[in-house]
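A.B. asks: My questions will all concern the structure given below.
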């Protein structure tokens, strides 16, 4: 922990450049934490204190400005939040805030001809980061679509009592967001209609539904593992409600092992009830398997921070602010 003056000591007036340099040193001592990660930790703390998701969000550029030299003013409250995000305690954060307020009243002498050659370098660096981000997203979307098709092919080859065609959908929904997952899901079923059979196309609505529930659920609800299990069950229910009408449209012949269960039950229960009874237990097991496999994949992608703000379960344990197995 960086040392600061005792709480009762009057904070000395320092220049903004000195304050920025000290903050950079604190950031390096905390493990060279990225500005995006600091922003995510601040948002997480604000949400835990009752602030809405939208209001809690802070831009990476805003955090970067706190560490930038040659400033005329600085947000002392944001400095406090940055220091807390870097692992300091409340007392130390309060001292940093007072120091920031003192700096605001004691601006540093300005050189006659200030030179800031780093601006062009920062702009070029940002452009390079943007291109890399786009390339990673495209590669991930292609990989997730391939993962879905591979899972579906394995199920068909071995007549497994699951689907395994939404692991990639969930991975994209977790790592990128719900509508990226929906794109993966829709693409999977369109290609599946060409490769595996035309009955796959209409089931795209099931894949898209799962992506939306997973993508929004992991950000707004599934902050712990028990809640994540509940989310997967909710995805299974949503997918079943959407899949049953499609199964009925195909007269119970959707091209899956569960078709035999529907055929055996339809005379006693009717086609709709049989389709629901056959699909739901399979869907629950399938979505729990897919959800946890996708979570493992998405956590491997966590350091790339492709989704901002990042879902809590994708963050390192120390940045979540609560135990991962909490209620």
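The chain as shown is numbered from 1 upward.
The backbone N, Cα and C atoms fix where each Cβ goes, and this holds for glycine too.
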A.B. asks: If I go by TrEMBL, the feature transmembrane segment sits on one of 116-132, 184-200, 201-217. Which?
C.D. replies: 201-217
A.B. asks: Quick one: sort out which of 53-74, 75-96, 229-250 is the transmembrane segment according to TrEMBL.
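C.D. replies: Spelled out, TrEMBL records transmembrane segment over residues 229-250, not the other listed ranges.
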A.B. asks: From the ranges 134-155, 266-287, 288-309, grab the one TrEMBL calls transmembrane segment.
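C.D. replies: Checking TrEMBL against the ranges 134-155, 266-287, 288-309, the transmembrane segment one is 134-155.
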A.B. asks: Hey, which bits of the same chain come close to the transmembrane segment (229-250), Cβ under 8 Å, at least six residues off its ends?
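C.D. replies: For the transmembrane segment (229-250), the far contacts come to 166, 199, 202-203, 205-206, 209-210, 213-214, 217-218, 221-222, 262, 271-272, 275-276, 279-280, 283-284, 286-288, 290-292.
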